[in-house]
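Undergrad: Straight out of TrEMBL:
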COMPBIAS  298-312  compositional bias 'Polar residues'
DOMAIN    334-619  domain 'ABC transmembrane type-1'
DOMAIN    651-875  domain 'ABC transporter'
DOMAIN    992-1271  domain 'ABC transmembrane type-1'
DOMAIN    1309-1543  domain 'ABC transporter'
REGION    292-312  region 'Disordered'
TRANSMEM  78-97  transmembrane segment
TRANSMEM  112-129  transmembrane segment
TRANSMEM  136-155  transmembrane segment
TRANSMEM  324-342  transmembrane segment
TRANSMEM  375-396  transmembrane segment
TRANSMEM  451-470  transmembrane segment
TRANSMEM  476-494  transmembrane segment
TRANSMEM  562-582  transmembrane segment
TRANSMEM  988-1012  transmembrane segment
TRANSMEM  1032-1062  transmembrane segment
TRANSMEM  1114-1145  transmembrane segment
TRANSMEM  1215-1237  transmembrane segment
Amino acid sequence: MGDATAFSSMDEFCGSTFWDANETWWTTDPDFTPCFEQTVLVWAPCAFFWLFMLFDFWYLKASLDKNIPWNRLNISKLLINVGLLVVTALDLIMSFVKKGGDSELPLYGVDIWTPIIKLLTFLMVLMFIPLNRKYGVQTSGCQFMFWFLLTIFSIPRCRTEARLHQERGQIIGSQQAEPHDFTWETYQFASFFIFFAFTCLMLILNCFADQLPRQTKYYRGPKEIPELSASFLSRITYSWFDRMALKGYRNPLEEKDLWDLRPQDSCKEVMPTFAHYWNKNVRKNYKRASGGQEPKAQFSNGKVSFENPQSNGRKKGMASIMPPIYRSFGGIFLFGSFFKLITDILTFAQPQVLSLIIGYVEDFAKVPQPEWKGIMYSILLFVLASAQTFILAQYFHRMFIVGLRIRTALINCIYRKALRISNAARKASTVGEIVNLMAVDAQRFMDLTTYLNMLWSAPLQIALALYFLWQQLGPSVLAGLAVMIIMIPLNGFIASRIKTYQIRQMKYKDERVKLMNEVLSGIKVLKLYAWEPSFEKQVLDIRDKEIATLRATAYLNASTSFLWSCAPFLVSLVTFATYVLIDENNVLDAKKTFVSLSLFNILRFPLTMLPMLITNLVQTQVSVQRINKFLNSEELDPNNVQHDASKPHPMSIENGHFSWGDEDEMTLKNINMQVPKNNLVAIVGTVGSGKSSVIQALLGEMEKISGTVNTVGKMAYVPQQAWIQNATVRDNILFGKPYDRKRYNKVIDACALRTDIEILSAGDLTEVGEKGINLSGGQKQRISLARAVYHNADLYLLDDPLSAVDSHVGKHIFEEVIGPKGMLAKKTRVLVTHGITFLPQTDKIYVMKMGEISENGTYAELLKNRGAFADFLMQHLQEGEEEEEELNQIKRQLSQTDPALVAPFEKAILLARTESLSDSISVTSADSLMGGSLRRRGKRQDSYDSNASAASLKKKQEVEGKLIETEKSQTGGVDFAVYKHYIKSVGIFLSVATLVLNFVFQAFQIGSNLWLTQWSNDKAVEHDTGLRNMYLGVYGAFGFGQVVTSFFSTLALSLGCIYSAAYLHETLVHFVLRWPMELFDITPQGRVVNRFSKDVDTCDNTLPLNLRVAVSQLFAVLATIVVISISTPIFLAVIVPIGFIYYFAQRFYVATSRQLMRLESVSRSPIYSHFGETVTGVSTIRAYTVQDRFIEESDNKVDKNQVCKYPSLIANRWLAVRLEMVGNLIILFASLFAVLGGQTNPGLVGLSVSYALQVTQTLNWLVRMSSDIETNIVSVERIKEYGETKQEAAWELEEDKKKPKNWPEDGRVEFKDFQVRYREGLELVLRGVSFNISGGQKVGIVGRTGAGKSSLTLALFRIIESAGGKILIDGIDIATMGLHMLRSRLTIIPQDPVLFSGSLRSNLDPFEVKTDDEIWKALELSHLKAFAKSLTAGLNHEISEGGENLSVGQRQLVCLARALLRKTKVLVLDEATAAVDLETDDLIQKTIRSEFRECTVLTIAHRLNTILDSDKVIVLDKGQITEFDAPSALLADPKSAFFSMAKDANLV
């Protein structure tokens, strides 16, 4: 009734009928009434425009650009719009002229109101044209949609007007007597078609975007992202991305091909808003102590300041990052959520249309229906699906943008905080943990944003689905729902089990990788000892445990997938069974069956998502807490140091008490210290007396408890542990200052860096590895000093900068830089030092003791006091660190100031005198690098550079340029051979089984669905319960078949992948351990470890998952095609072109996306490594006050990562839109053919359309997975590549068995014209060496660095194979035997003692062949018995990685014990270069002399006195033997090289 009144009032409004069902619906030729066309179809688009106009205003406000120039496009828009206004105004005027009043045509409401509404709307649109131009908005979605709708809705009226025109023509042509006045109708006809033409033109113009604006906030270069100037149409279809996809398809993308970042997403735009809200939040949580002015979030010259939560008075609660995130990014998020809501509603419209289609086919079977209805339904289904596609793409896009921005904000927030955090707070967590905040926790947010809307969307979807299902099936729905709900905890249980297994597997994996890491670090020792089999077994044992866990996980995974595959089936089975069994009258017809099925399919997604979402939320909550804790932690108090220029001295501390942030623990007490301008003040004291802490106090790094610290002027700081960035040497020295060549060269010479820079492969542009890995300690220290000198500050704080350098270099630096004549002579300097030599040249000395200043004064004053300073001097001398000339110098200084001290001093020196090193043998001081002929190893750090080693280093670099081969980043596709290799390793049986089982599974599924159609079409069921039960039973049986095959197919695949992973790992270990040594030299260890961790992990976990999903989706797509083709065979004709489109989209996408992912992961790690660097070097950064530069660097790195990340997200959207459109076409054709083909079986139609509805999702997944497989199969390729590398000679040979059991019996060693090189292409290291050693002789081998001493032993063990000549032991050529035979019969005590983590016993006897007694005996002889007895675990004492928990001396003794256990006829002793403490050394020598009396002993000597009592001495020089004789004979000849060495070492 209500409808009727509404209609009648509309009838009056129009003066004609508004709605006539017989004309519009119940007819074969449908049409609307003219009234409907002129009201609803015009008003609807206008209403749409007025509603969504708000967004256009918002875009005007948000635009960053201004002033688009007038051009053809916007002028033509303007003109056409004016034209439309004129036409509409004429309509209004004409209706007043022609109708009403005197004329016989009455004037109705529609004639006035419709033109007025149009006029207002067009005026509004007209207003937007100059506005958009002024504010630089290049395209408007709202306007495009308005013109689009207006055009579409005008089409029915076109048809009406054309027909009426035709009829008028007939009336006029029929020559009837009375003339008609058709002027009004003719005018309407003309005006409408002009209007329609203009509307179409506007639609076309709105497909294009306007030109670039003239004024832009940010530079918009040639590489700007096309999205910014893309039209609305291009934006929703992502066609602006086509260029990139094409480029990526042609050749692999590189960084230069990427677009610039959208300014809205850059740090510069994101940070100020976030900072603004963060500061507001901080102020709310920390009540201000003083009611001062509330500061704004400062945003000056691009710097953003975050407020410190600590400084604002007392604390009310933790300031959380959540409110600022909501406030900053909530807008876009809500806009996205609005899209999500629309798509959710559209999803449920599809089953409704499906039921209309089935209804249409059912009716068609009885009474032929007008065909246009069926076509309309099909098109409606297509339109719904397409709308959903476009809107969903926009939704995901919005969410990703929010995610990216949140990540940017958090990373930068964390970075800025890290620069200001106090030392106590920093020590609370390790660098790794802080970096994790950025790497893991900030990333979590990004992953979560996409799912967050599921929180309201999932329950909404479930509710709607249940509502519609209830309409179909009534209460029996609850039975199905119950099954679904039972599934959730079951899955939860299995998931938690899987998680425990995963944790266990991670543990084994870490263990295995750690062991592998050790094996690779100590590989040389393993080869020398022939211990590889033992370690191979250990690795494989751990791997077996890991595989067992994986297998358990596989069973569990199979059961989850089994649950999920049978869930939809069980649900429908239970529901339908309940439905037909509850009541005799309940009959399943096609409509009910298939609409319910498609609704159940919709239900599946939210039900799976909810549990995942909840775990994700919990994890993110944890992340939020961790980030909050960090952002709320204490910051350094800027008031620790005052900068009061009125104080007399530039640096001073008065009554200072300081601690490292622990209130109770005072590190420094009563510090009073003045540093006058341009003075050099030294701070000395024993280790741990608080010298460095004073420097930190001056920097303001320590918590000041009381007193004042004052500094005036620019600071420069040299820390004790040099902090070197991962940049070039030059960048490390310039440290952000401009490059001034003259000054730079002066600094380099003063800091003695010239020679080092010449040695480096690319001079000062050599990249320094992380933490300065490729520099020696001394070099790092000098670069750090050079940075300070170049910085040209006023105040210099030097924290023991000379500790790591050789003494002569130290002297040079002191004279050239620090001392009274150095570059810094006119600066104020504080120097912490251990070098006593320099103290007389300082202006004042402070002596520290136990955190207090015990005395101060000049050098002469302090010596007179005979106080702490004199003690310090004595103690220092007894450590015997000084060189000869230095000692003499100190003696001279002492005798001048205080002769009484000389006697005790000489005694101290005697204690310290020990033999000197022979490494710098016969190098006259002129040749040596820095002057100073004798180098002792400094105790603090191994010294480095001797002439020979420098030269050989240089040579090595010239030959190799780069030692380490660069890793190939894979580009392009993967060879088929790799897939073949993988399938082979899975095993043919399991591979085939997987395919067959999947095939059977789909067959069962199609069978059960076809059975359902049969059932729903069978009318006899209504009366025959027996028949009904038969249908139900068979349906159940089909389902059971599905469930079983699904379980086994998953299981077969998972197990196959595990076998394959086990096999791949085993071959990898097997081949890597059999590499020749040279391969280990040129392959960085990290890369090999990466194969064992990341690539093996991919084969274990990622690949099986990808394969499982891909295989099942592939079969699902095939099944869909089969089902649709069964019901409508003509569909096969369409499948070919659709297949082509699909294939091309997939190829383009895979090529582009894979490369973008690679670029993204490459650009991600610099963010974290730069952050890690910053955290370690934060005190240096603060000292030089370069925080802003570092923040900017970090921002740039984040932006660079976004540049790679953004296109890869867009690539996903681009693909999704294209693929889903392909899917939508399948839906369209499936439904069209079903309707048009005169199909009379409603069940089949329902089946084919409901299958088609699912196909979009499946296609999408299939492409994703296939591209993932391509990305991950690379791991298999890399493992395969390592399996095909060069191998060393065989470990065991058949001939070995014929050799004597206890070879070598005599221990005769003979070299015959022996030559050897380290690698192909390098020059010979030994050039034709011949000598003969008879059994039991003791031979010493000497020669300077690089003479080939070590090569000799390596050749003896065949670590390097001969390049000519041969070595005989007991007359047998060693090249003819297996490596293990050879190596296990020789013994070596290597230079650096390598220990492996494990028990003490396993370190001595890894094969477990010796008895306890033998081991204890060996320990006793190697003087370790007392130590081993003192351990609670005895022989089972766990040794940590690298033997960290033993002292260096003890490690050396363990190596001796190994040699004693082995006790073979030939012993090689490679003497330790580092001065092992002398006791250990003597012990080793004694033991060897007594225990290895009968053996042949070859000693590579670095100290001559150890070999003076040997039988023969070999002197090597440049790979040739220059002298071979008894030491006594050589010493008797003053011309011999040996004699000059001995002389250098003060032995003659």
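Any Cβ shown, glycine's included, is placed from N, Cα and C.
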Undergrad: Honestly, do the transmembrane segment (1114-1145) and the transmembrane segment (988-1012) touch, with at least three Cβ pairs under 8 Å and pairs 6 or more apart in sequence?
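TA: By the criterion, they touch.
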Undergrad: Check the transmembrane segment (1215-1237) against each of 78-97, 324-342, 375-396, 988-1012 and return whichever range has the most CB pairs under 8 Å.
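TA: Against the transmembrane segment (1215-1237), the leading stretch is 375-396.
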Undergrad: If you count Cβ pairs under 8 Å, which stretch among 324-342, 451-470, 562-582, 988-1012 touches the transmembrane segment (476-494) the most?
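TA: By the under-8 Å Cβ criterion, the transmembrane segment (476-494) pairs most with 562-582.
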Undergrad: Please determine whether the transmembrane segment (451-470) and the transmembrane segment (324-342) are in contact (criterion: at least three Cβ-Cβ distances under 8 Å, sequence separation 6 or more).
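TA: Per Cβ check, the transmembrane segment (451-470) touches the transmembrane segment (324-342).
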Undergrad: In the same chain, who gets a Cβ under 8 Å from the transmembrane segment (112-129) while lying at least 6 residues past its ends?
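TA: Distant contacts of the transmembrane segment (112-129): 38-39, 42-43, 46, 49-50, 53, 56, 74, 77-78, 81-82, 84-85, 88-89, 91-92, 95, 140, 143, 146.
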Undergrad: Is the transmembrane segment (324-342) packed against any residues at least 6 beyond its ends, judged by a Cβ distance under 8 Å, and which are they?
TA: 270, 273-274, 277-278, 280-281, 391-392, 394-395, 398-399, 401-402, 405-406, 409, 449, 452-453, 456-457
Undergrad: In the same chain, which residue numbers or ranges, 6 or more beyond the ends of the transmembrane segment (375-396), come under 8 angstroms Cβ to Cβ?
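TA: Sequence-distant neighbours of the transmembrane segment (375-396): 236-238, 336, 339-340, 342-343, 346-347, 349-350, 353-354, 356-357, 360, 450, 453, 1212-1213, 1216-1217, 1220-1221, 1223-1225, 1227-1228, 1231-1232, 1234-1236, 1249, 1253, 1256.
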